[in-house]
Structure formats: structure tokens, C-alpha cells
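Listed in TrEMBL:
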{"type": "DOMAIN", "residues": "35-255", "note": "domain 'Cation efflux protein transmembrane'"}
{"type": "TRANSMEM", "residues": "32-51", "note": "transmembrane segment"}
{"type": "TRANSMEM", "residues": "63-84", "note": "transmembrane segment"}
{"type": "TRANSMEM", "residues": "96-117", "note": "transmembrane segment"}
{"type": "TRANSMEM", "residues": "137-155", "note": "transmembrane segment"}
{"type": "TRANSMEM", "residues": "201-219", "note": "transmembrane segment"}
{"type": "TRANSMEM", "residues": "225-244", "note": "transmembrane segment"}
Amino acid sequence: KGTIHLFRKSQRSLVGKLTHEFRLVAADRRSWKILLFGAINLICIGLLLMWCSSTNSIALTAYTYLTIFDLFSLVTCLISYWVMMKKPSPVYSFGFERFEVLAVFASTVLAQLGALFILKESVERFLEQPEIHTGRLLVGTFVALFFNLFTMLSIKNKPFAYVSEAASTSWLQEHVADLSRSICGIIPGLSSIFLPRMNPFVLIDIAGALALCITYMLIEINNYFAVDTASAIAIALMTFGTMYPMSVYSGKVLLQTTPPHVIGQLDKLLREVSTLDGVLEVRNEHFWTLGFGTLAGSVHVRIRRDANEQMVLAHVTNRLYTLVSTLTVQIFKDDWIRPTLSSVPIANNILNLSDHHIIPMPSLKAADNLNPVTSTPAKPSSPPPEFAFNTPGKNVSPVILLNTQTKPYGLGFNHGSAPYSSVLSQGLGIPALGAAQGFRTGFANVPSRYGTNARGQPRP
């Protein structure tokens, strides 16, 4: 018999979780319209695929893939509604906005894969061109065009609307924009329709339908079947060129990069933050696009020790919140401490070095020019020494070696720790004979001759 857990929650399967979330979305009346269009889209896709098989037209197949892309866009719109219903959780602390970014990226990439499949099939057809039946070619073209335009204009798809405006223009949009400028120069009233740039989805639907109409006319007049393959290649290239900028933009959002159009504004805001009262430094700043139109960021702010943390945090958040909606600011005070020079005796537990340790000392460059009273060179042009009696100065820094044990060194001298004040009574560091304590300095290379007179004879 197994253990019975009374309060354990039952774990749902993946299908159960998806069903629960779908019911949550379907409870909203705004989703009913999308679900209705999705059902009609499935019926149209089935009819168009049957007509593609009966006509043996690969151009109509390429155009049908745009209808399949419309189904992906409807699913993305449902995900957008689901994201608005969900609240941030401990697992997804920033919310679920990146799901709609992922949906747009997946939809555009799948559309490009379909375009590559059409290009591969078209290359094979150039080697052996089959016969094209035009019985339902024109009917399928107008059915697909009507449904695509009706879906794009009836459903307000927020994610794709934002991506189509924020992403860079495709080559099809650029060529149509050049043509529109020429037409609007002749007929100025059309500028509100063709300028500044057309919707890329509406544009590709119209361009694909126009290519299929030309294909139908040429096949009916001259039985030129190769034009169907050429039209399929043109529709595939237009699809790839339209979806590629959107894939790049949504991919950069998924990679948490900083949008190029807000870099200048962010630099300006960071300069303003660095000039606030109490702010010493702004560092480790990182800003990225969380979702479509949502910017997130984190920044570290170093402030003075006497500054008010809450006041600085409020000012920094107020400046950056105009551009960054989801912001994390970490405030920490300055931990820089000025070093102090202590004149008290050094404790025994600070330096616990044995007598066998040798600490290298800076070599004395001119030992003959040393003054017997101080440890600094006696030069007429040099400033007076800082300290006297072998205390640390600018040029030589002696190290005091402390040892609690007393060991003989040849002549019966006792070397031990001595107070720093007792050094003043022992001249230049010569150990005191017969004393209970001695003093040892780092002047191991100082000769017994401390100076010479002008004639080169030693001084007394």
C-alpha cells in the first residue's frame, strides 16, 4: 500500500493545462470573434488545398500559404488576449508578454520555411513542367484574397500591428513606396492611401493575387505553363522578404537587446540621473525590450554616505520611469574609507613573522650622502625630512619585525619586541648591550661609516 498524501495537489498534464488556459480565453467575449474567424479560416484552407491539387498550380499553393499564415496570426491574437488576462507569477516575475513575442517570431519563421519549400518545388518544376488546369485557378485566387483582406482588416491584431510598424521596411514596401510617390505626384489625393508606407500584409496579398491573375491570363492565351512556376517563385520571394524583417525584430526582442531608437533617450536620462544630488556613480545599467512596446531595465546607483537612500531612489525612478516601465534600481552607499596613520605601538598579533623571514628593503642608492642624524639623504636642494631617528619617511620605510621569543645572535644580544618609544633612546638602531629588550630594524645594508668629510676621511 502506498502513502496517502491528503493535501497534495493533483498534477495536471500538458493537455489539461492547455485546456484550462483555452477555457480561460474562451470565457472572454472578445475571443469569440477570433474563434469564429479561425473556424472559417480552416474551411478556406481545406478548399484551397483541394483546388491546388485539382489545378496542379504551385503558384496557388504559395498563395494558400498566406492563408495558413493568417491562421497563425489569429492564434497570436488569442495569445495576446491571454497575456492581458494573466498576472505576473513567482516563476514569470516580468509577466507573460514574451509569449506573444515568441508567437510572432514562430509565425514569421514558419511562413519563411513555407516560402523556402515553394522555392525548392519550383526549381524541380523548371526541369519538368506539368500541365496547369485553369478551371478553379481564378476562383481560388479571389476566395483567398477576399478572406485574407477581410481577416486582416476585421481583426485588430496588436502584436503584428506593432511589429509591422516597428520593423524595418521590406524590399517590396520600398519599391511600392517609390511607385506611390510618383503616382501621388500626379494625383495628390492618393497620398493618404499609399503614403507613408502600406501595410505589408495587405500589400503581399494584393501583389500575390495580381501575380496569379497574370498567370491565369498567360496560360489561357498561350498555354505558357512555366509562368505558373515563375509566379510561385515571385510569391515565395515576396513572402520571405516581408516576413524576414519581422523575424529579425522579434528575435532581437527575445535576445533582450536594447532597441536602437531609444538608446539616445536612455543616455540622456542616465546623464540626468548622474547629476542628481547625492549620486556619485551610475553603473551596470542594462535595458532591454520585455514585450512589444514595454521596456525593462536595471541599474546600480552609488550614492554618498550622508545621502538619503529613499529620496535618491524616488528621484531616479521618477526620471527613468518615463521611458522604462519595468525598472529595478539598486542603491548602495559609498564604502570608500580614507586610510589613517596610527602612531600607537604595534600589537604582537599583527605581525607574527619568524626570524627566518626576510623582507626585502629598498636599496640605498647613495649611502655616503646620508646624514648621521636622519634617515633621509642630506641634499641642499631637498626639503627637510619628515621624521627623524629612523622613523618611516618618504624614501625609506623600515619594517619592524616583532618576535615574542628571545634568541641569541652571536654576541649575546637579546632581540625582542620593544615599545616604539624606546627606539628614540637607542640612536640609529644599535642593539642595547645587556638590556632585557632590543630593537631590530630593516637597515641591513647600512655601513658603519655614516659619512665622510670633504677630504674623504671618516667623520668622528
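Yeah, the Cβs are placed from backbone N, Cα and C, and that goes for glycine too.
With pairs at least 6 apart in sequence, the transmembrane segment (201-219) and the transmembrane segment (137-155) have 3 or more Cβ pairs within the 8 Å limit; the two touch.
Counting same-chain residues at least six beyond the ends of the transmembrane segment (63-84), those with a Cβ under 8 angstroms from any Cβ of the stretch are 21, 24-25, 28, 30-31, 34-35, 37-38, 41-42, 44-45, 48-49, 52, 95-97, 99-100, 103-104, 106-107, 110-111, 114-115, 118, 140-141, 144, 147-148, 151-152, 155-160, 204-205, 208-209, 212, 235, 239, 291. Long-range contacts of the transmembrane segment (225-244) within the same chain, counting only residues at least 6 positions beyond its ends with a Cβ under 8 Å from a Cβ of the stretch, are 57-59, 61-63, 65-66, 108-109, 111-112, 114-116, 118-119, 121-122, 125-126, 129-132, 170-173, 200-201, 203-204, 207-208, 211-212, 214-215, 218-219.
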